[in-house]
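Copied over from TrEMBL:
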- 1-103: domain 'PABS' (DOMAIN)
- 24: active site, proton acceptor (ACT_SITE)
- 138-162: region 'Disordered' (REGION)
- 151-162: compositional bias 'Basic and acidic residues' (COMPBIAS)
């Protein structure tokens, strides 16, 4: 786990690539935070991701901030990663979305490892359903957010006003 300015740390990082990267950052409701949701940032993340590795990004709510959610998905995709958007109900947040990504042409699958013991709430069917979005909140393709055009900041602010 790294607790630091993620952008600056990744810009300087020269170590081994990571098999898993979990990006759980504050909502991009200011320009300073918006840079952590930019194509430039995810380009750095992509460079630090090992072949066969996985990236998961906390991407906001596809219900209350749908533009910000789908902008994150589009931005991660824009750096050449294949993505699988998904969402789950989080009791303290509501409908919350994530972006799973990997290198290569095939989107990563939402699946449980064969040796996973029985879990209380999660099973293969529930996990597969996480990638299905309701008809009133369909997937959308948006231009990526960048350092020069931090669209996601406005997306987030608009979502808060709804």
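Note: Cβ is positioned from N, Cα and C throughout, glycine not excepted.
Note: residue 24 (active site, proton acceptor) has non-local neighbours 58, i.e. same-chain residues 6+ apart with C-beta under 8 A of its own C-beta. Under the three-state DSSP scheme, residue 24 (active site, proton acceptor) falls in the coil class.
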